[in-house]
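S.K.: Below you'll find the structure I mean.
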């Protein structure tokens, strides 16, 4: 474009030049995956600044999208060793080994159990879009004083940055506060709606990027305005189809989860029955061994009792013979005194021997009685062991190891869309309904963001002691300063918040 030709367009005129109808592009799964991979690549290449704690959370969602639910038996220590999940800046900033980073990523990865791949990728994008540099296109410019600055164009508006600070803009122009943007040759002019605010003028360093800047402004402003209008018939139909598909996927996930739970219960029941069967086999083996020991003991006691009884009979017979010999000696008449004395001595010895033999016989008889009693007790123990073995072998059989899962309950809600009830007359009621839906989504998002921020703060506190201060980059220092000042509110919250009126921008 020649330098003499001036280009000046307001947003109202731009809207008139747009076609009255537009085609809604359906993003396929492959395109969404490609976009997600591009965002991940920009974060890892540090083209988008990401705080260390947020990079760990993003890495956990990336692992969930790739590997599915966490399983300790499959995802063992070291399974992320070959994965590139964190920016090198974050790894070099802390005295932490790869194992320590993997431990923290895995801890959050385990909390994402039950999320499908597309849900994990969507959560990744939701977190990434809150990063300060996400979605911002930077262009080198100069203000009217010749100071070199950066122009940032994103979905919220236009932002002016200092070259060394791409995180915090010095001044911002939200789309709903801009009346028009124009350029002539290299000079751009931003006119706010509030006439009390000064017009901001700047020059781009390259003439060929002027048209690109203007096109980005037109496209982002058009999307900004379109988000604040009631949905068209085609968009409403697509949203209805998306809700129906989401409900169908939710029902499918519930069904799969229920089947998985029933299968796990069946496996636990089978394992329990196998354990009980093994325990019964062990008890039967022990009972058989006890029975065999009892039989051996009974046989030994019976043999010992028989031997003792024979010894007692033999001693009794010897005692009787001694008694007979004593009687025979007494009956023999010994005439002489010497013979009489000898005879008396022999008689005394015979009596002592007979007494000892009688005592030994009595002791043997008692021992035989005791052995008989022990034999009776051994046979009683044998009888009890046989009875216990009989009880174990005659127990009722258990149910089959693989029970047939019960059919799914018929009370699962069905999701039917009633197309006749849709109304496409965009009146006040539609705007109120749209506002209520936006407010509801905002509340849900804020609650989730609060919980997420608490988790991020916990991780930040945990690894703060391992940080190497001398390795902090300029963006790290700027981010920490913003956090110490209370942090900047989510840049997406400004879409639904009214901008303050009567505010004059800082002169750059």
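Backbone N, Cα and C define each Cβ position, glycine as well.
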S.K.: What range among 183-224, 435-476 does TrEMBL describe as coiled coil?
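M.R.: Result: 435-476 is the stretch TrEMBL calls coiled coil.
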S.K.: TrEMBL lists region 'Disordered' for one of the ranges 389-418, 479-508; which is that range?
M.R.: 479-508
S.K.: Determine which residues of the chain contact the coiled coil (435-476) at the Cβ level, with the cut-off under 8 Å and only residues 6 or more beyond its ends counted.
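M.R.: Same-chain contacts beyond the flanks: 49, 51-54, 56-57, 89, 92-96, 104, 108, 127, 130, 164-167, 490, 493, 496.
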